[in-house]
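Note sheet for the following structure.
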Amino acid sequence: MSSLKLGVEVVSAYELLAKDGQGSSNPFVELEFDGQRFRTTTKEKDLNPVWNENFYFNVSDSNKLSSLPLEAYVYSLNKANNAKTCLGKVRLTSTSFVPYSDAVVLHYPLEKRTVFSRAKGELGLKVFVTDDPSIQSSTPLPATVDAVPNSLPKEKNGKRHTFFHLPNAKQSEQQQKFPPMPPQQQMNYGVHEMKSGPPPSRAVHMFPGSSSQPLDYALKETSPFLGGGRIVGGRVIRGDRPTSTYDLVEQMRFLFVRVVKARDLPSKDATGSLDPYVEVKLGNYKGITKHYEKKQNPEWNQVFAFSRDTLHSSVLEVVVKDKNLMKDDSVGFVRFDLNEVPTRVPPDSPLAPEWYRLEDKKGEKKKGELMLAVWYGTQADEAFPDAWHSDAIAPGDSTSVSPTYIRSKVYHSPRLWYVRVNIIEAQDLVPADKNRFPDAYVKVQIGNQILKTKSVQNRNMNPIWNEEFMFVAAEPFEDHLIFSVEDRVGPNKDDAIGKVVISLNSVDRRADDRTIHSRWYNLEKSFSDAMDGDHAKKDKDKFRSRLHVCVCLDGGYHVLDESTQYSSDLRPTAKQLWKPSIGVLELGILNANGLQPMKTREGKGTTDTYCVAKYGHKWVRTRTIVNSLNPRYNEQYTWEVYDPATVLTVGVFDNSQIGGSDNNKDNKIGKVRIRISTLETGRVYTHTYPLLVLHPSGVKKLGELHLAIRFSSTSMPNMMFQYSRPLLPKMHYKRPLSVIQQDILRHQAVNIVAARLGRAEPPLRREVVEYMSDANAHLWSMRRSKANFLRLTSIFSGLFAAGKWFGEVCMWRNPITTVLVHVLFAMLVCFPELILPTVFLYMFVIGVWNYRYRPRYPPHMNTSLSCADAVSPDELDEEFETFPATKSSDLVRMRYDRLRSVAGRIQTVVGDIASQGERLQALLSWRDPRATTIFVILCLTAAIVFYVTPFQVIALLSGFYVLRHPRFRYKTPSPPINFFRRLPARTDSML
């Protein structure tokens, strides 16, 4: 039996059914898991009982934990006959089993035990998994206690509802037929490559109604030969060669050389010492290991990868040398004929290294042996990511590039939390000047985030603020929450009255809007005393000033670290609220073509590029290709998709750390955004995307990026159902954040993510994170405002065209059309019940007709839509001006910055209005094929329903629905609104 245990804390229940005939009940809870049953105490005459009792179940087999459900039954005890009546049940699956550090109290709605029984109320549980050996399992119920009878048929057990979200009795319909996938399961990622000739390409155009742009800036469809075969029109044509697991990249073959260690090396110096290193030579390329001082049995365990396309030699030479100040001496070498090197194909086990005797230049065996392994492989080889690459250096140069800056890596951004701080009051403040009342305020700080309360108008020793603040914090929590009560004694002069330091690890966490109890904290004079938790206990009888605050970690929100228009993840922070994934996104970064030189090296223009892709918490970075304007990456990565209304972002950057200073910023070359909902399921999209960047001198194309993308759905019903769900977690609607709060918190979140990723090796630099996250998209731009206004006018152009057409009908410009309109109008007046069926049938026909002309490619940057092709230099100068401005006096700067801030919000509002109109257009444009399918089917269904149902009945029911009682309303948006908000807009094509 494993040491793993499932802990369950039964907290409380609310609004239970009355079952004793006197308006009350005697409730208790029975828990069942893995053949074990535990029971709480009975609370007499209580419809809102509180237990706070803990139970621990033994997990017999940890491998079967994902298939074991936890069932909690709430009963009412009848003391007259010692019988029990079921008040409801809760059934949880393994998705709700999280580590103790992530566990929070959730209130689950009680479900019916049988079809004909009644259930009402909620049960609060905290469920977690622990392997602490000091925890003993609870005592099970006696054998005389009967189990709860299960009257449901066996075949229906798999259809029990599983609750994952905040309490809502109407939202447990899903997860009926599809087993949930663990939200923490990480998808395997890797790289693979396939070789192909120059792929043919053709330019594709924007969908109808879009703005035209130069052909050089257009998207181009390609037909490369990838791992699964040749891609033609999004379909894979299988070839004669065997297919590969990584089938979205071209095959690139490499010669791998693993230098493991050496033994019994001879000494070369007069002192008898040896400073050995290994030099791997192949043609004009040379790789060098690190050297050891005075060591005759060194160990390197380093891998070198030479691209087979650049091999101009048939002999591999591995030389052991002794490092000296003047000239390095040769100790011995090993030669390999490349025609005799074996080929390794994963998933074969790694090739076993062998000992080779060193030889001198005459071919005679010398003292000393070198352990090596040499084989041919592809980028699917597990040694590829950490290997030294020949395409990362110039021929003949082995020391100019540090491997730290060129390797491909996967990063995971930290899990972010919203910290809600409510500063209520202070008590018995003691200012430095005791002859006056303090002008007190509280300064709250987490890391670099600092907020202050307002001063109290009525000054006294017990000020009351009752102000609430929101902060962003990242796990693991490194910064403390610091309260500093200050006394404003004069202009720019404040005296500290006391401090409080709270560790974020000790703060309560919640996943809903339940009440968090406030606490009193003693104010300490110094920061060190505030950090000392035992200081207050030692002097507990001493008089102290106190501060009354309420602090919690809100896990029911999604922490916005990017613009909502380009969000790649919409899940809440609390893992217990995560839904299973609906699909898998696969990205193959093939190559870049026609890049512009970003630097000069040896009198020639060149660039050292790498790609960064971001989706959800997972960031990927390809290896850096040095000295190439047409780099080939051929690396494949995979993400789990939890929501189709999300965006994948891929950016290309020039690595300024190679041959330069660490203080240089990596230059941006361009980026691509791809909305997942615009991709057809199972289709492979292979296109070259223009890399467009806006500079102070205008828009520039710096090259093209060749990508292969495929979105695969694991559950089509779940994905279709996702279109009716709220876009953001429920807390965003129950306790919404203001627009100003969202902007401030988003800025703090981006800073935290940039700081954490900048500490990785190799670091993902701040300018890269900010560019990928569109950190400055909210700032004022005359160009962007014009673009949003033109988007808005294009939406209303359809109404203007309809008005013009109606005017032509009234003027009898086309007599036949006018007569037909008269006939249609007469029919609708005589038969009003045909109005709605005709409208929906018309939209159904238009949707089916537009299916032939549906877009068959992802959206991309559009210079005309962005108004970047005809922008004036003055507007560009204003857009690239720093914030705050530095070109005028203080007064003008203040007014100018205020104007830019206000205008930036207006610009956002105009863009949001344009997005709503573009979503209306997307209903029938097949921009999102799944959404249009749903809408077309609904139109046909509505046409039939409105046809067979009298119009008066429809009008009456609609009126009653609009005027329904608040009890029958939900705080979250309705499914039609959720469906509409998930429709794609043209923001993805905005620069």
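In case you wondered, yes, glycine gets a Cβ from its N, Cα and C as well.
Under the heading domain 'C2', TrEMBL lists 1-108 (among others).
Feature annotation from TrEMBL assigns domain 'C2' to 236-356 (among others). Residue counts for the domain 'C2' (236-356) under DSSP, split into helix (H, G, I), strand (E, B) and coil, are 6 helix, 54 strand, 61 coil.
Feature annotation from TrEMBL assigns domain 'C2' to 395-521 (among others).
The annotation domain 'C2' is assigned in TrEMBL to 566-689 (among others).
Annotation comment: TrEMBL describes 819-849 (among others) as transmembrane segment.
Per TrEMBL, transmembrane segment is recorded for 934-963 (among others).
Over the domain 'C2' (566-689) the predicted model carries a mean pLDDT of 90. Long-range neighbours of the transmembrane segment (934-963) within the same chain, counting only residues 6 or more positions beyond its ends whose Cβ lies under 8 Å from a Cβ of the stretch, are 720, 723, 832-837, 840-841, 843-844, 847-848, 923-924, 979. Sequence-remote contacts of a segment are chain residues at least 6 beyond its ends whose Cβ falls under 8 Å from one of its Cβ atoms, and for the transmembrane segment (819-849) they are 809, 923-924, 926, 932, 935-936, 939-940, 942-944, 946-947, 950-951, 954. In the domain 'C2' (1-108), the DSSP tally of helix, strand and coil residues is 12 helix, 54 strand, 42 coil.
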